[in-house]
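Let me begin by presenting the structure, written as C-alpha coordinates, before commenting on it.
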Amino acid sequence: MNLRELVNALNDFASPSLAESWDNVGLLVEPSPPHTVNTLFLTNDLTEEVMEEAVQKKADLVLSYHPPIFAPLKRVTWKTWKERLVVRALENRIGIYSPHTAYDAIPHGVNNWLTKGLGACISVPLHPSTAPSCPAGGTHRVEFCADAEHLDAVLTKIKDIQEISCLTTLPARVEDEEQTRVSLNCSQKALLEVVALLSQNSLLYHKTEILLLQKPLLSHTGMGRLCTLSEPVSLSDMIERIKSHLKLPHVRIALGMGRTLESPVKKAALCAGSGGSVLKGTEADLYLTGEMSHHDVLDAVANGISVILCEHSNTERGFLSELRDTLAIHLQNKINIIVSEKDRDPLQVA
(Lines of atoms letter the chains of each structure in order from A and count residues from 1; the text may use other names and numbers.)
(Lines give C-alpha, C1' and ligand atoms only; values in the text may rest on other atoms or scores of the structure.)
Protein backbone atom coordinates (compact mmCIF):
# COMPACT_ATOMS: atom_id res chain seq x y z
CA MET A 1 0.00 0.00 0.00
CA ASN A 2 1.05 3.57 -0.54
CA LEU A 3 2.08 5.14 2.78
CA ARG A 4 -0.53 7.89 2.59
CA GLU A 5 -3.25 5.35 1.79
CA LEU A 6 -2.15 3.25 4.76
CA VAL A 7 -2.04 6.24 7.13
CA ASN A 8 -5.58 7.18 6.09
CA ALA A 9 -6.68 3.60 6.82
CA LEU A 10 -4.98 3.66 10.22
CA ASN A 11 -6.60 6.99 11.04
CA ASP A 12 -9.93 5.50 10.04
CA PHE A 13 -9.29 2.54 12.36
CA ALA A 14 -8.72 4.92 15.29
CA SER A 15 -9.21 8.63 14.74
CA PRO A 16 -6.27 10.69 16.10
CA SER A 17 -8.90 13.18 17.30
CA LEU A 18 -9.77 10.69 20.06
CA ALA A 19 -6.27 10.97 21.54
CA GLU A 20 -5.64 13.14 24.58
CA SER A 21 -4.79 16.77 23.82
CA TRP A 22 -1.28 16.41 25.31
CA ASP A 23 -0.44 13.38 23.17
CA ASN A 24 1.64 13.18 19.98
CA VAL A 25 -0.08 10.79 17.59
CA GLY A 26 -0.21 10.05 13.87
CA LEU A 27 2.60 9.86 11.32
CA LEU A 28 5.77 11.00 13.10
CA VAL A 29 8.46 10.12 10.56
CA GLU A 30 7.81 10.08 6.81
CA PRO A 31 10.33 8.90 4.21
CA SER A 32 10.39 10.90 1.00
CA PRO A 33 7.49 9.98 -1.31
CA PRO A 34 6.57 7.84 -3.01
CA HIS A 35 6.80 5.26 -0.24
CA THR A 36 5.22 1.83 -0.52
CA VAL A 37 4.49 -0.24 2.58
CA ASN A 38 4.73 -3.99 2.18
CA THR A 39 5.52 -4.79 5.82
CA LEU A 40 3.96 -3.12 8.86
CA PHE A 41 5.92 -3.70 12.08
CA LEU A 42 4.09 -3.47 15.44
CA THR A 43 5.76 -2.61 18.74
CA ASN A 44 4.76 -1.17 22.08
CA ASP A 45 8.02 0.75 22.57
CA LEU A 46 10.39 1.68 19.78
CA THR A 47 13.83 1.19 21.34
CA GLU A 48 17.09 1.00 19.41
CA GLU A 49 17.06 -2.80 19.73
CA VAL A 50 13.54 -2.91 18.28
CA MET A 51 14.53 -0.54 15.46
CA GLU A 52 17.37 -2.88 14.47
CA GLU A 53 14.85 -5.72 14.41
CA ALA A 54 12.59 -3.64 12.15
CA VAL A 55 15.53 -3.00 9.81
CA GLN A 56 16.44 -6.69 9.71
CA LYS A 57 12.85 -7.65 8.93
CA LYS A 58 12.69 -5.05 6.16
CA ALA A 59 9.82 -3.10 7.70
CA ASP A 60 8.47 -0.17 5.71
CA LEU A 61 6.41 1.34 8.54
CA VAL A 62 6.73 0.91 12.30
CA LEU A 63 3.53 1.31 14.30
CA SER A 64 4.80 2.15 17.79
CA TYR A 65 2.02 2.34 20.37
CA HIS A 66 4.06 4.79 22.46
CA PRO A 67 5.26 7.79 20.44
CA PRO A 68 9.08 7.68 20.29
CA ILE A 69 9.04 11.41 19.57
CA PHE A 70 7.17 13.20 22.33
CA ALA A 71 9.15 16.20 23.51
CA PRO A 72 10.15 18.30 20.47
CA LEU A 73 13.55 17.48 18.97
CA LYS A 74 15.78 20.52 18.44
CA ARG A 75 18.22 18.57 16.27
CA VAL A 76 18.61 15.12 14.72
CA THR A 77 22.12 13.83 15.43
CA TRP A 78 23.74 10.61 16.64
CA LYS A 79 23.97 11.94 20.20
CA THR A 80 20.78 10.67 21.87
CA TRP A 81 18.90 7.43 21.37
CA LYS A 82 15.67 9.06 20.21
CA GLU A 83 17.54 11.12 17.63
CA ARG A 84 19.29 7.96 16.46
CA LEU A 85 15.89 6.31 15.97
CA VAL A 86 14.93 9.03 13.50
CA VAL A 87 18.28 8.76 11.70
CA ARG A 88 18.01 4.96 11.39
CA ALA A 89 14.40 5.20 10.23
CA LEU A 90 15.17 7.67 7.46
CA GLU A 91 18.37 5.89 6.42
CA ASN A 92 16.38 2.71 5.90
CA ARG A 93 13.25 4.39 4.52
CA ILE A 94 11.08 3.33 7.45
CA GLY A 95 8.13 5.46 8.49
CA ILE A 96 7.01 5.74 12.12
CA TYR A 97 3.35 6.01 13.17
CA SER A 98 2.01 6.21 16.73
CA PRO A 99 -1.63 5.92 17.89
CA HIS A 100 -1.10 5.88 21.70
CA THR A 101 -4.16 7.25 23.55
CA ALA A 102 -6.34 7.00 20.43
CA TYR A 103 -5.99 3.22 20.89
CA ASP A 104 -6.81 3.62 24.60
CA ALA A 105 -10.12 5.27 23.76
CA ILE A 106 -11.56 3.14 20.94
CA PRO A 107 -13.98 0.29 21.75
CA HIS A 108 -11.67 -2.24 20.03
CA GLY A 109 -8.52 -0.89 21.67
CA VAL A 110 -6.08 -1.50 24.50
CA ASN A 111 -8.43 -1.02 27.45
CA ASN A 112 -11.05 -3.26 25.89
CA TRP A 113 -8.38 -5.97 25.50
CA LEU A 114 -7.37 -5.50 29.15
CA THR A 115 -10.95 -6.10 30.34
CA LYS A 116 -10.81 -9.58 28.80
CA GLY A 117 -8.52 -10.66 31.61
CA LEU A 118 -11.20 -10.07 34.24
CA GLY A 119 -13.72 -12.63 33.07
CA ALA A 120 -17.29 -12.06 31.88
CA CYS A 121 -18.25 -8.46 32.57
CA ILE A 122 -19.98 -5.36 31.24
CA SER A 123 -17.66 -2.40 30.78
CA VAL A 124 -18.16 1.31 30.13
CA PRO A 125 -15.58 4.09 29.71
CA LEU A 126 -14.65 5.95 32.89
CA HIS A 127 -14.30 9.17 30.90
CA PRO A 128 -16.36 9.00 27.67
CA SER A 129 -14.94 10.73 24.62
CA THR A 130 -16.88 13.42 22.82
CA ALA A 131 -17.72 13.02 19.15
CA PRO A 132 -14.78 14.25 17.04
CA SER A 133 -17.10 16.52 15.10
CA CYS A 134 -20.75 17.50 14.95
CA PRO A 135 -22.89 19.00 12.18
CA ALA A 136 -23.12 22.45 13.76
CA GLY A 137 -20.05 24.67 13.73
CA GLY A 138 -19.09 27.03 16.55
CA THR A 139 -19.38 26.79 20.30
CA HIS A 140 -22.60 28.77 20.79
CA ARG A 141 -25.92 29.37 19.07
CA VAL A 142 -27.55 32.80 19.29
CA GLU A 143 -31.23 33.28 18.47
CA PHE A 144 -33.26 36.50 18.52
CA CYS A 145 -36.30 38.10 16.92
CA ALA A 146 -36.21 41.36 14.97
CA ASP A 147 -38.83 43.44 13.23
CA ALA A 148 -38.46 44.68 9.66
CA GLU A 149 -37.28 48.09 10.86
CA HIS A 150 -34.12 46.72 12.51
CA LEU A 151 -33.51 43.45 10.64
CA ASP A 152 -31.42 44.58 7.65
CA ALA A 153 -29.16 46.86 9.69
CA VAL A 154 -28.48 44.14 12.28
CA LEU A 155 -27.81 41.43 9.68
CA THR A 156 -25.39 43.69 7.81
CA LYS A 157 -23.35 44.26 10.97
CA ILE A 158 -23.50 40.58 11.98
CA LYS A 159 -22.14 39.49 8.61
CA ASP A 160 -19.05 41.63 9.24
CA ILE A 161 -18.18 39.61 12.37
CA GLN A 162 -15.65 36.81 11.87
CA GLU A 163 -16.23 33.18 12.99
CA ILE A 164 -20.00 33.14 12.44
CA SER A 165 -21.66 30.24 10.62
CA CYS A 166 -25.08 28.75 9.95
CA LEU A 167 -26.81 32.14 9.78
CA THR A 168 -30.51 31.56 9.05
CA THR A 169 -33.70 33.62 9.14
CA LEU A 170 -37.27 32.39 9.46
CA PRO A 171 -40.63 34.19 9.67
CA ALA A 172 -41.97 34.37 13.23
CA ARG A 173 -44.98 35.80 15.00
CA VAL A 174 -44.27 37.43 18.36
CA GLU A 175 -47.09 39.00 20.36
CA ASP A 176 -49.24 39.14 17.21
CA GLU A 177 -46.51 40.96 15.29
CA GLU A 178 -44.79 39.65 12.17
CA GLN A 179 -41.08 39.39 12.91
CA THR A 180 -38.05 37.41 11.75
CA ARG A 181 -36.32 34.79 13.87
CA VAL A 182 -32.53 34.97 13.38
CA SER A 183 -30.33 32.01 14.31
CA LEU A 184 -26.55 31.80 14.06
CA ASN A 185 -23.64 29.71 15.32
CA CYS A 186 -20.46 31.42 16.49
CA SER A 187 -17.21 30.98 18.36
CA GLN A 188 -16.63 32.19 21.92
CA LYS A 189 -14.79 35.22 20.56
CA ALA A 190 -17.54 36.08 18.08
CA LEU A 191 -20.19 35.63 20.78
CA LEU A 192 -18.88 38.65 22.65
CA GLU A 193 -19.14 40.78 19.52
CA VAL A 194 -22.66 39.54 18.73
CA VAL A 195 -23.87 40.24 22.27
CA ALA A 196 -22.26 43.69 22.21
CA LEU A 197 -24.05 44.44 18.95
CA LEU A 198 -27.45 43.24 20.15
CA SER A 199 -27.12 45.07 23.48
CA GLN A 200 -27.19 48.34 21.57
CA ASN A 201 -30.92 47.70 21.00
CA SER A 202 -32.77 46.76 24.18
CA LEU A 203 -35.69 45.22 22.25
CA LEU A 204 -33.38 42.86 20.41
CA TYR A 205 -31.30 42.13 23.48
CA HIS A 206 -34.26 41.08 25.63
CA LYS A 207 -35.43 38.70 22.91
CA THR A 208 -32.05 36.99 22.65
CA GLU A 209 -31.34 33.39 23.65
CA ILE A 210 -27.84 31.93 23.85
CA LEU A 211 -27.27 28.17 23.74
CA LEU A 212 -24.01 26.37 24.50
CA LEU A 213 -23.27 23.80 21.78
CA GLN A 214 -21.70 20.62 23.10
CA LYS A 215 -20.54 17.61 21.13
CA PRO A 216 -22.34 14.39 22.12
CA LEU A 217 -20.61 11.77 24.26
CA LEU A 218 -19.66 8.44 22.69
CA SER A 219 -21.11 5.64 24.82
CA HIS A 220 -18.41 2.98 24.19
CA THR A 221 -15.39 5.22 23.56
CA GLY A 222 -13.17 6.93 26.10
CA MET A 223 -10.43 6.60 28.68
CA GLY A 224 -10.35 3.78 31.21
CA ARG A 225 -13.07 1.22 31.84
CA LEU A 226 -15.41 0.46 34.73
CA CYS A 227 -16.16 -3.24 34.63
CA THR A 228 -19.06 -4.94 36.40
CA LEU A 229 -18.45 -8.67 36.63
CA SER A 230 -21.25 -11.11 35.88
CA GLU A 231 -20.29 -13.02 39.03
CA PRO A 232 -18.12 -11.67 41.87
CA VAL A 233 -14.80 -13.45 42.41
CA SER A 234 -12.25 -13.32 45.21
CA LEU A 235 -9.34 -10.95 44.88
CA SER A 236 -6.93 -13.90 44.85
CA ASP A 237 -8.79 -15.43 41.88
CA MET A 238 -8.77 -12.08 40.11
CA ILE A 239 -5.00 -11.82 40.58
CA GLU A 240 -4.54 -15.22 38.93
CA ARG A 241 -6.82 -14.26 36.03
CA ILE A 242 -4.86 -11.10 35.39
CA LYS A 243 -1.48 -12.85 35.60
CA SER A 244 -2.71 -15.45 33.13
CA HIS A 245 -4.08 -12.85 30.70
CA LEU A 246 -0.93 -10.74 30.79
CA LYS A 247 1.38 -13.79 30.93
CA LEU A 248 3.13 -12.47 34.03
CA PRO A 249 4.64 -14.51 36.87
CA HIS A 250 4.20 -11.64 39.34
CA VAL A 251 2.09 -8.52 39.92
CA ARG A 252 2.14 -5.97 42.75
CA ILE A 253 -0.88 -5.85 45.03
CA ALA A 254 -2.03 -3.33 47.64
CA LEU A 255 -4.96 -4.50 49.78
CA GLY A 256 -7.71 -1.97 50.39
CA MET A 257 -8.43 -1.08 54.01
CA GLY A 258 -10.45 -3.90 55.58
CA ARG A 259 -9.93 -6.16 52.55
CA THR A 260 -8.27 -9.56 52.30
CA LEU A 261 -7.30 -11.81 49.41
CA GLU A 262 -10.65 -13.52 49.84
CA SER A 263 -12.68 -10.31 49.61
CA PRO A 264 -15.08 -10.30 46.63
CA VAL A 265 -14.47 -8.21 43.54
CA LYS A 266 -17.65 -7.15 41.76
CA LYS A 267 -16.53 -3.87 40.19
CA ALA A 268 -13.08 -3.24 38.77
CA ALA A 269 -11.81 0.03 37.30
CA LEU A 270 -8.88 -0.28 34.92
CA CYS A 271 -6.62 1.80 32.72
CA ALA A 272 -3.72 0.53 30.66
CA GLY A 273 -0.35 2.18 31.27
CA SER A 274 -0.22 4.86 33.94
CA GLY A 275 -3.77 5.10 35.23
CA GLY A 276 -3.65 7.14 38.42
CA SER A 277 -5.32 10.26 37.05
CA VAL A 278 -7.91 8.27 35.08
CA LEU A 279 -8.91 5.99 37.97
CA LYS A 280 -8.84 8.63 40.72
CA GLY A 281 -12.17 9.03 42.52
CA THR A 282 -13.83 6.01 40.88
CA GLU A 283 -15.85 3.79 43.21
CA ALA A 284 -14.79 0.17 42.71
CA ASP A 285 -13.51 -2.87 44.57
CA LEU A 286 -10.31 -2.96 42.53
CA TYR A 287 -8.05 -0.69 40.48
CA LEU A 288 -6.01 -2.37 37.76
CA THR A 289 -3.29 -0.47 35.91
CA GLY A 290 0.39 -0.57 35.02
CA GLU A 291 1.67 2.02 37.46
CA MET A 292 0.37 4.57 39.97
CA SER A 293 2.08 7.07 42.22
CA HIS A 294 2.70 6.09 45.83
CA HIS A 295 0.18 8.63 47.10
CA ASP A 296 -2.52 7.57 44.64
CA VAL A 297 -2.11 4.00 45.90
CA LEU A 298 -2.42 5.21 49.51
CA ASP A 299 -5.61 7.12 48.63
CA ALA A 300 -7.16 4.05 47.02
CA VAL A 301 -6.22 1.78 49.93
CA ALA A 302 -7.65 4.25 52.46
CA ASN A 303 -10.96 4.13 50.55
CA GLY A 304 -11.08 0.34 50.74
CA ILE A 305 -10.02 -0.17 47.11
CA SER A 306 -7.40 -2.80 46.35
CA VAL A 307 -4.81 -2.02 43.67
CA ILE A 308 -3.05 -4.33 41.22
CA LEU A 309 0.00 -2.91 39.40
CA CYS A 310 1.59 -4.83 36.54
CA GLU A 311 4.25 -2.33 35.28
CA HIS A 312 3.38 0.19 32.60
CA SER A 313 3.81 -1.57 29.28
CA ASN A 314 2.80 -5.02 30.56
CA THR A 315 -0.80 -3.79 30.51
CA GLU A 316 -0.47 -2.80 26.83
CA ARG A 317 1.95 -5.08 24.98
CA GLY A 318 -0.28 -8.16 24.82
CA PHE A 319 -2.77 -6.15 22.76
CA LEU A 320 -0.37 -6.16 19.79
CA SER A 321 -1.22 -9.76 18.79
CA GLU A 322 -4.92 -8.93 18.75
CA LEU A 323 -4.15 -5.70 16.88
CA ARG A 324 -2.23 -7.61 14.22
CA ASP A 325 -5.25 -9.79 13.47
CA THR A 326 -7.73 -6.90 13.60
CA LEU A 327 -5.63 -4.69 11.33
CA ALA A 328 -5.17 -7.53 8.85
CA ILE A 329 -8.94 -7.58 8.38
CA HIS A 330 -9.23 -3.79 8.34
CA LEU A 331 -6.50 -3.54 5.69
CA GLN A 332 -7.98 -6.42 3.67
CA ASN A 333 -4.77 -8.45 4.01
CA LYS A 334 -3.01 -6.13 1.57
CA ILE A 335 0.22 -5.98 3.59
CA ASN A 336 2.32 -8.21 5.83
CA ILE A 337 1.90 -7.37 9.55
CA ILE A 338 4.41 -8.63 12.13
CA VAL A 339 4.84 -8.09 15.87
CA SER A 340 8.23 -7.30 17.38
CA GLU A 341 9.98 -10.10 19.24
CA LYS A 342 12.47 -7.76 20.93
CA ASP A 343 9.92 -5.39 22.47
CA ARG A 344 9.66 -5.91 26.24
CA ASP A 345 9.05 -4.05 29.49
CA PRO A 346 12.30 -2.50 30.75
CA LEU A 347 11.55 -3.53 34.36
CA GLN A 348 12.09 -7.06 35.61
CA VAL A 349 11.85 -8.76 39.01
CA ALA A 350 15.32 -9.80 40.17
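Note: Cβ is positioned from N, Cα and C throughout, glycine not excepted.
Bear in mind that the values here come from a model prediction, so they are computed numbers and not experimental data.
Taken verbatim from TrEMBL:
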BINDING   HIS66, ASP104, HIS312, GLU316  divalent metal cation binding site
Check: same-chain CB within 8 A of divalent metal cation site center, minus HIS66, ASP104, HIS312, GLU316: ASN44, TYR65, HIS100, VAL110, ALA272, GLY273, SER274, GLY290, SER313, THR315
Protein Cβ atoms within 10 Å of GLU316 (divalent metal cation binding site), excluding its own: 25
Nonlocal residues around HIS66 (divalent metal cation binding site), in sequence order (Cβ under 8 Å, 6 or more apart): ASN44, ASP45, LEU46, SER98, HIS100, SER313
Residues that sit under 8 angstroms from ASP104 (divalent metal cation binding site) by C-beta distance, when 6+ apart in the chain: VAL110, ASN111, MET223, CYS271, ALA272, GLY273
Same-chain residues at least 6 apart in sequence whose Cβ lies under 8 Å from HIS312 (divalent metal cation binding site): GLY273, SER274, GLY290, GLU291, ASP345
